[in-house]
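Dumping what TrEMBL says about this protein:
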| type | residues | note |
| --- | --- | --- |
| ACT_SITE | His100 | active site, tele-AMP-histidine intermediate |
| DOMAIN | 5-114 | domain 'HIT' |
| MOTIF | 98-102 | motif 'Histidine triad motif' |
Amino acid sequence: MEECLFCRIVRKEVPATIVYEDDAILAFKDINPVAPIHILFIPKKHISTFFAMEPGDEALIGKLHRAAVQVAQELGLTEKGFRLVANCQRGGGQLIFHLHYHLIAGRPLLWPPG
Ligand code: 5GP
Ligand code: ZN
């Protein structure tokens with residue numbers, strides 16, 4: 001766990017531009033944004049993927065989702081909209097194995113994605 005980049009960001013060992021924080025959740029700007037707004041939301045607890053969720057983690061994932069919606073609202077996206085993405089496992093595009101949501105907005109977003 002010590003080697004997990006996002007755990008290091010939680011412990012403030014690696015700098016990040018934090019946009020939301022509470023006792024359970026941290027959100028920070030993606031270092032390589034794919035849109036004008038690209039924010040990562042993570043539980044402070046290390047959970048590698050959705051498959052690693054334990055009984056009792058459901059409320060934590062609910063808080064994660066709620067934080068993303070709250071920040072989207074604060075950024076004025078209520079009408080414009082946004083995309084919330086979770087890549088799971090390498091085949092799903094996951095590179096950092098600490099569960100996270102991407103909040104992406106600020107440009108037209110095509111669907112289906114490439
Ligand atoms: P994944 O592909 O795992 O869903 O997404 C990982 C995301 O983490 C990528 O969008 C990548 O740009 C971002 N990322 C990787 N390293 C860092 C870092 O050191 N700081 C920040 N803020 N984002 C990072
Ligand atoms: Zn971690």
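The backbone N, Cα and C atoms fix where each Cβ goes, and this holds for glycine too.
Note that TrEMBL annotation is computational and uncurated.
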May I have the DSSP-based helix, strand and coil counts for the residues of the domain 'HIT' (5-114)?
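Counts, helix then strand then coil: 29 helix, 24 strand, 57 coil.
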I'm checking region-level scores; what's the whole-number mean pLDDT for the domain 'HIT' (5-114)?
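PLDDT averaged over the stretch: 97.
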Are there any residues at least 6 positions away along the chain from the residue listed as 'active site, tele-AMP-histidine intermediate' with a Cβ closer than 8 Å to its Cβ? List them or say none.
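The answer is Phe6, Leu40, Phe41, Ile42, Ala86.
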